[in-house]
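First comes the structure, then the notes that go with it.
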Amino acid sequence: MPNHIVLYQPEIPANTGNISRTCAGTDTYLHLIRPLGFSTDDKMLKRAGLDYWDNVKLSYYDSLDEFFEKNEGGEFYYITKFGRHVYSDIDYSDPNKDYFFVFGKETTGLPDALLQKNEENCLRIPMTDHIRSLNLSNTAAILAYEALRQQNFGALLQEPNYDRKIFQD
């Protein structure tokens with residue numbers, strides 16, 4: 001049931017760091033397509049990802065073409081405020097499929113040509129017209145958890161597993 005978050009030319013290190021932490025916590029693959037708007041040594045990137053970077057299944061690509069060549073056979077969904085379909089109306093429940101959620105730059109989104117070519121797989125998250133967009137890391141988390149919800153949360157812990165006990169049995 002591999003789920004994948006794909007960031008096309010991300011610009012803000014804290015967003016990518018937050019997304020990496022979500023990926024580590026959900027066993028979701030993270031794909032970064034260059035150029036990145038920051039160095040992978042950036043303090044903000046590392047701080048947002050905390051000490052979870054070793055648990056992130058991370059791949060880098062030099063272009064969209066390279067990404068698609070190396071990831072054939074999955075279902076690709078392009079997240080854009082222009083999408084004709086709401087993300088929650090799609091079925092992500094098949095455990096034998098790879099689901100790729102592709103996000104664009106924080107400032108400009110995904111290339112128009114890519115969206116036009118894949119119009120039927122363009123998804124949006126409903127929001128008011130009071131803002132231009134939702135935060136990238138929040139949006140990635142929404143998609144990751146919707147896919148996991150439909151997959152009954154896969155191998156994620158169904159019960160709390162903490163050293164500290166708050167509630168009595």
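Including glycine, each Cβ sits where the backbone N, Cα and C put it.
Lifted from Swiss-Prot, the feature list:
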| type | residues | note |
| --- | --- | --- |
| BINDING | Ile79, Gly104, Ile125, Ser133 | S-adenosyl-L-methionine binding site |
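Under the three-state DSSP scheme, Ile125 (S-adenosyl-L-methionine binding site) falls in the coil class. In this entry, S-adenosyl-L-methionine is bound by Ile79, Gly104, Ile125, Ser133, whose most widely separated C-alpha atoms sit 14 angstrom apart. Just so you know, of the binding-site residues Gly104, Ile125, the Cβ with the fewest other Cβ atoms around it within 10 Å is the one at Ile125. In the three-state DSSP assignment, the secondary structure recorded for Ile79 (S-adenosyl-L-methionine binding site) is strand.
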